[in-house]
Amino acid sequence: MSLGIAARIARRELRGGLRGFRVFLACLALGIAAIAAVGTVRESIEAGLQREGATLLGGDAEVQFTYRFAEPEERAFLDSIATEVAEVVDFRSMAVVGEGDERDRGLTQVKAVDGVYPIYGAVTLAPEMTLAEALDGTGGLPGAVMDPVLIDRLGLSVGETFRLGTQSFVLSAALEREPDDGGGGFELGPRTLVRTSALSESGLLVPGTLYETEYRLRVPPGADLDALEAQADAVLDETGFRWRDRRNGAPGVSEFVDRLSAFLVLVGLAGLAVGGVGVAAAVRAHLDGKTGTIAVLKTLGAEGRTIFEVYLIQVGVLALVGVVLGVSLGAGLPLLFSPVIAAQLPVPADFGLHAAPLAQAALYGLLAAAIFTLWPLARTREVRAAALFRDIGGLRVTPHPGTLAVIAGLVVLLVGLAAWLSGLPELTLWAAAGLSAAFVVLLGAAWLVRRVARRLARARVVQGRSALRLALGAVGGPGGEATSVVLSLGLGLSVLAAIGQIDTNLRSAISRDLPEVAPAFFMVDIQPDQIDGFRERLDTDPAVSRVETAPMLRGIITRINDRPADEVAGDHWVLQGDRGVTYSDRPGDDTTITAGEWWPEAYDGPPQISFAAEEAAELGVSLGDTLTINILGRDITGEITSFREVDFSTAGIGFVLAMNPAALRGAPHTYISTIYAEPQAEAAILRDISDTYPNITAIRVRDAIDRVSEVLAGVAAAVTYGAMATLVTGAVVLIGAAAAGERARTYEAAILKTVGAGRRRILTSFALRSALLGAAAGVVAVAAGGGAGWAVSRFVMETEFRFAPLSALAIVVGGVLLTLAAGLVFAWRPLAARPASILRARE
Amino acid sequence: MTDTILSFADARLTLDGNAGRVDILRGITLDVARGETLGLVGPSGSGKSSLLMLMGGLERATGGSVTVLGRDLTALGEDALARFRRDHMGVVFQSFHLVPTMTALENVATPLELAGHRDAFDRARAELETVGLSARAGHYPSQLSGGEQQRVALARAAAPRPDILLADEPTGNLDGATGQAIMDLLFGLRDRHGSTLILVTHAPELADRCDRVVRLEDGRIAPADMARAAE
């Protein structure tokens, strides 16, 4: 009953137009659009990955072995469940060009294939030819194709030769595209593609070297992949194999996209919070203008509930309009720009309308709208009819505790929903806590700014500086824009400042601090019979300050205390795939044992394990627990007898797992080495080692750091774009506040003109107040962003935090410029208006 | 014996303003009979409008009691007061206070809708006809003259057939002729519906048309009117 009347009155009331609600709609729509767009792009990529799953994987399913080929019986099993099996060997090596002093070398990720590869899709080569033709080679040499980047780096041309290990190849073509690219994740070296049979004389695939074999299967149409996986589990049980199938053909990409988009949605939610400030301000301004109407309705007998419903319906309808606008934008923009986005993506994407992310964005938008409008809406209940004939302060009262409880409930619901939907509950909760803290800090800062401005306006120092005194008075006076400007701009700038500080610190940690402590080279695949010669070359080189070597095998932790490892410790990174395992009679000189004891020298009893202390705590394993490690298909079960500190941040040798030598006796293995050397000696070391031992792969750490920096730069750019969307919303709120204050400024300008102030002085005063507010928002944002940056550096990245002054300065200057621009745009009309008409209209 | 519809006993109104506490009404004792027309006169700031607002439950007495139709208004909450007004009172203001986004017809129909009358619009139309504005039913307040706006306000106040009609200087914003027409309408409506009419006015000719006139001075009933006030 009451709702029906409320709806009718609300409809009549809406005839007044939506002018005051432009900011409301813009803020809500922008926030929702950003979240919907991120979700749409993510779903499009997911759909693309789904569609192209088999091509990206290179088959309907894949069985992967580490460090070895399939045994004949395993191969027979694979042949029995598939109609076609392609064998692919993947490893890192050095491609070497030229002879003598002209020799050049580059790290490459080699993919060795058989005649069946590729099962799905096609390899694109330049000049155009089939892969079989290219790999056949010419002049008695096997052929190879190579990523154009590496071809350029090595100065090669098609038809010229290069070596992998001791085997020469003729470069038949440039590898423009491989169909199963993008599924493999992060690679350090560009691709070289050869035929496996051509590697038999290369000395590269000998026991102990690091390589993976992937058996890509084409299964009969309609085959049940779950059943096949179960069958593989049963037959290949505990051989350290890994199963993947087309349903998740590129798990690395998929997970990366998921994580990044979840993070961007969180940034989007921050944008929605900034927009919420604008939404609340717009509703408050609208309702302030409605005080008279509300009082009339109360005089006519409308109860508080009816009044609340009238404006709830109005705001609800507008929120729905905002949601529809936002969702349309969020769905439409990715579609519109799909060709541009697709060109930037390394994986296929199916752009289209995806309901789930749009619904998610709409839900977030509605919840945010409710959270930010309920407070001002609830205050309509408190308007008294007496407001008609007496100024009793409009709507400045705290709403009923019940309303506050509902708002708190909605906040919990929104955060809970975000935590659940993002799949990053911890990060979401931290972000929510940070945002809430920023809100409180900014509200406090706004209060402080007003107070200080009010005090300064009366101070002796500003006497005689009328423009400054007027500006300070306006900032500190009642009904000013201080709170909404500091809050909205401050929030947007805080997000940007936090990202700026984190990004600067992360980059400097990687590009400045890491090279100081990191080795010059990582060398892998050093055969046991090469290690003495290898060390001799380096130990006699005065430019080499330190060489560390350690034997290395690769193993997969399959069981913890005889229970499947993932059952005990979930999906911890240590359990994901294979890990390096070393052995040693004694702990290294730098090793710190945190608990237990290292085995005695020449110990020959049951296998013992020394485990990385931090990872052990994360996995929840204790001294005395047993681990089963699958090495080359063989299970070795050992007892954890000590924990060690392992520092991965220095890029030195760090093994999670170390065992007593006897436990790994007989297992083929190679050595890994880190070389700390003067930069100018690096080229000679690389030349000598790779000439003497062509099978050894050298990874220049500086190159690897550059590659990591590149990836991080991409991520930082994506996050910065997200944060910019937040800032744009902040700017809209700012413009809204400036527009809302235009009437008051016009009146003020009229009075000032009447008492003799010139336009220049008035304009200076307006500019000063904008700049003061912008600077205040910027300073608070830098403090909040610095705090967030410190927390992330200290607790997440565990690095030392250094305040980045340039980023901070940019934030403060940006804040000042934004408020100045918004303030001055809305200063022209007040300046141009004639005082008489303005003052008469007020009478 | 006269039927008392409204009774004030030592009613007081004190407000906290920026300039400190202000005693607006300082102990008003007054009875109004059903069907009576009462004029409230006095200089500006004497508390006439505030007294009227206490009668309408638009303002809450800070001392004493205000009893209307047997209900103590000081004991009612905001919503209960709103319902009480809806069922028993009509209020006319000097500044009309029409809802600017509603047409004349909708303004008149609103209190009837709030009271749950299904025929709200038919009755509102009839009421507008009574005040001679049926041709302007679809017009918004901004499209009406001051006199027309006040006629709409009169129709809105009278449409629910209230027991009490409260009018706060209803002609104060109108020229003489228009004011006269409005007063004729107001008294006509009062006669038709048998409502009790209480009006605040500065105009002696308007006060003369009332059954009784009470004069306020500095928040109190003027001594000369004291005896008559309790009649």
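Every residue gets a Cβ built from N, Cα and C, even glycine.
Pulled from TrEMBL:
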- A:21-41: transmembrane segment (TRANSMEM)
- A:263-287: transmembrane segment (TRANSMEM)
- A:267-381: domain 'ABC3 transporter permease C-terminal' (DOMAIN)
- A:308-337: transmembrane segment (TRANSMEM)
- A:357-378: transmembrane segment (TRANSMEM)
- A:399-421: transmembrane segment (TRANSMEM)
- A:427-449: transmembrane segment (TRANSMEM)
- A:470-499: transmembrane segment (TRANSMEM)
- A:711-741: transmembrane segment (TRANSMEM)
- A:726-830: domain 'ABC3 transporter permease C-terminal' (DOMAIN)
- A:762-786: transmembrane segment (TRANSMEM)
- A:806-828: transmembrane segment (TRANSMEM)
Lying 6 or more residues past either end of the transmembrane segment (A:263-287) yet within Cβ distance under 8 Å of it, the residues of that chain are 20-21, 23-24, 26-28, 30-32, 34-35, 38-39, 294, 311, 315, 360-361, 364-365, 368-369, 371-373, 375-377, 379-380, 395, 414, 418, 421-422, 424, 427-428, 431, 435, 439, 484, 487-488, 491-492, 495, 718-719, 722-723, 725-726, 729-730, 732-733, 736-737, 740
So are the transmembrane segment (A:427-449) and the transmembrane segment (A:762-786) touching or not, going by 3+ C-beta pairs under 8 A with a sequence gap of 6 or more?
yes
Mean per-residue pLDDT computed across the domain 'ABC3 transporter permease C-terminal' (A:726-830):
82
Long-range Cβ neighbours of the transmembrane segment (A:711-741) (under 8 Å; 6 or more residues past either end):
20, 22-23, 26-27, 30-31, 34, 38, 186, 260, 263-264, 267-268, 270-272, 274-275, 277-278, 281-282, 285, 480-481, 484-485, 488-489, 491-493, 495-496, 499, 503, 506-507, 510, 770, 818-819, 822-823, 825-826
Give the residue counts of the domain 'ABC3 transporter permease C-terminal' (A:267-381) per reduced DSSP state, in the order helix, strand, coil.
99 helix, 0 strand, 16 coil
Rank A:399-421, A:470-499, A:762-786, A:806-828 by Cβ pairs under 8 Å to the transmembrane segment (A:357-378) and hand me the top one.
A:399-421
One stretch in A:21-41, A:470-499, A:806-828 has more Cβ pairs under 8 Å to the transmembrane segment (A:308-337) than the rest, namely A:21-41
